Amino acid sequence: MSQLKLEEISSVIEEKIKNFELDCDMAEVGKVVSYADGVAKVYGLNGVMSYEVLEFETGDKGVAANLEEDSVGVIVFGFGNNIKEGTSVKRTKSLMKVPVGDAVVGRVLNALGEPIDGKGEIETNEFSLIEQKAPGIMDRKSVHEPLQTGIKAIDALVPIGRGQRELIIGDKQTGKTTVAIDAIINQKGQNVICIYVAIGQKESTVAQVVRKLEEYGAMEYSVVINASASDSAAMQYLAPYSGVAMGEYFRDHARHALIIYDDLSKHAVAYREISLILRRPPGREAFPGDVFYIHSRLLERAAKLCDEKGAGSLTALPIVETQAGDVSAYIPTNIISITDGQIFLETDLFYSGIRPAINVGLSVSRVGGAAQIKATKQVSGTLRLDLAQYRELQAFTQFASDLDEASKKQLERGQRMVEVLKQAPYSPLPIEKQVVIIYAGAKGFLDSVSVKKVVDFEEQLHPFLEAKYPQVLEEIHTKKALDKDLEAMLRKVLEEFKLTYSE
């Protein structure tokens, strides 16, 4: 029998001790003191960070919103039906993150970045914090590239540039979402990733939007984030921040993105609900004092970055719903003061058949003019003024019947320009075609066409140009300006078309 050597035994024991790992998991755990309306009061989590993700033993998750002396107010993501007094809560020591990158494109997600379209998991290793600091002044560049929506009234009168924040505001059922969807459809082939964030919308409405995007082939460069009316207030509050985190990824990787928040009125209401349950003091219209800050920190993240940072951009089109056209309410005035202009949609215009129902007088773009192409500037330079004078004359003619010849002519021209700016939904127009039809209206080529036939004139003009003079459209597209030769050619083409056009 071989004897065991003492050295061997000691070396084996030493080896075992050296490689011994204590398999124990340290966790900071607290207990739920009370739970109601999607908010849990948790005791015993002293080292928790603001907006840190916390896990409940029931499998629910939430974020620490209120950090008090002896307890933490936690917003629960779902409805937390199984959470009750005594439920244990664990720290994750991480802030809220969502998946980003090309893996999310073409998908429908919830506010947490989880897929809800039945197309399987999102396969990505890239995640981003939903709360990020907005780029500073030195990291930005002034807006100078156009972001065309394909809507004549917007691209000519309220132009939007890449990196701009342009508010779409109006009563319900005035076509706000349609304007935003048109803008997404028009980004096809422009290398712009589009993110549509639905906040507090009906599930059926969101399904319709997704169907429209799929129908026009826009879903292949879009992401839809849905926090519907049936979701909790916490999900509705988080959705825009998840969306902007996904948009920032493309902005920071020298690419371009467009984000639509539909709509921020419902976002403010969701935040008000959470704040009141957290017992925060209410202010005007029962909104908490920091309701301005939740929107300003969200919209400031849309920017055009400087060349050193890759020259990427994130453009934001927030939507706000007004009550009976009241733009002086609390949330509308807040967001008007944050954004770089607004597109105001009016119920009266909508029902009188002027669609998109854009009130040109109240709509403005504070920085987009610098991004407008020269050709559009040339043809629509006096358009806003002409339309304002037409509206003034129109109001005057309701009382006075006899008008001088010049006023009559102005009235006739104005009526035709209003018709020119009409556009069917989901049919965005390339900028070169917009230039042609606005030029035709502004230079009097439509004066002999009856007002009712202006839309028909336009519908026939575009196929005529594409078939016989595609080089005219091509030149406008490449030159981005109307020089003397191109203008002369355009006049010749329009005169020729007028001869062939029959009403």
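Cβ from N, Cα, C; glycine included.
Here is what Swiss-Prot says about this protein:
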BINDING   Gly170, Asp171, Lys172, Gln173, Thr174, Gly175, Lys176, Thr177  ATP binding site
SITE      Ser363  site 'Required for activity'
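Sequence features annotated in Swiss-Prot and their locations in the structure.
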| residue | record | contacts (Cβ under 8 Å, 6+ apart) |
| --- | --- | --- |
| Gly170 | ATP binding site | Lys176, Glu321, Thr322, Gly325, Phe344, Leu345, Glu346, Thr347, Ala357 |
| Asp171 | ATP binding site | Glu321, Thr322, Gln323, Ala324, Gly325, Leu345, Glu346, Thr347 |
| Lys172 | ATP binding site | Glu321 |
| Gln173 | ATP binding site | Thr347, Phe350 |
| Thr174 | ATP binding site | Leu345, Glu346, Thr347, Phe350, Ala357 |
| Gly175 | ATP binding site | Leu345, Phe350, Arg355, Pro356, Ala357, Pro425 |
| Thr177 | ATP binding site | Thr205, Val209, Asp262, Ile319 |
| Ser363 | site 'Required for activity' | Leu157, Val158, Gly341, Gln342, Ile343, Phe344 |
(request) Name the secondary structure element type, per DSSP in three states, that contains Ser363 (site 'Required for activity'). (result) coil
(message) Can you tell me whether DSSP puts Lys176 (ATP binding site) in helix, strand or coil?
(response) helix
(request) Report the residues of the chain - excluding Gly170, Asp171, Lys172, Gln173, Thr174, Gly175, Lys176, Thr177 - with C-beta within 8 Å of the mean position of the site's C-beta atoms, for the recorded ATP site, in sequence order. (result) Glu321, Leu345, Thr347, Phe350, Ala357
(message) For a quick check of packing: other C-beta atoms within 10 Å of the C-beta of Lys176 (ATP binding site), how many?
(response) 25
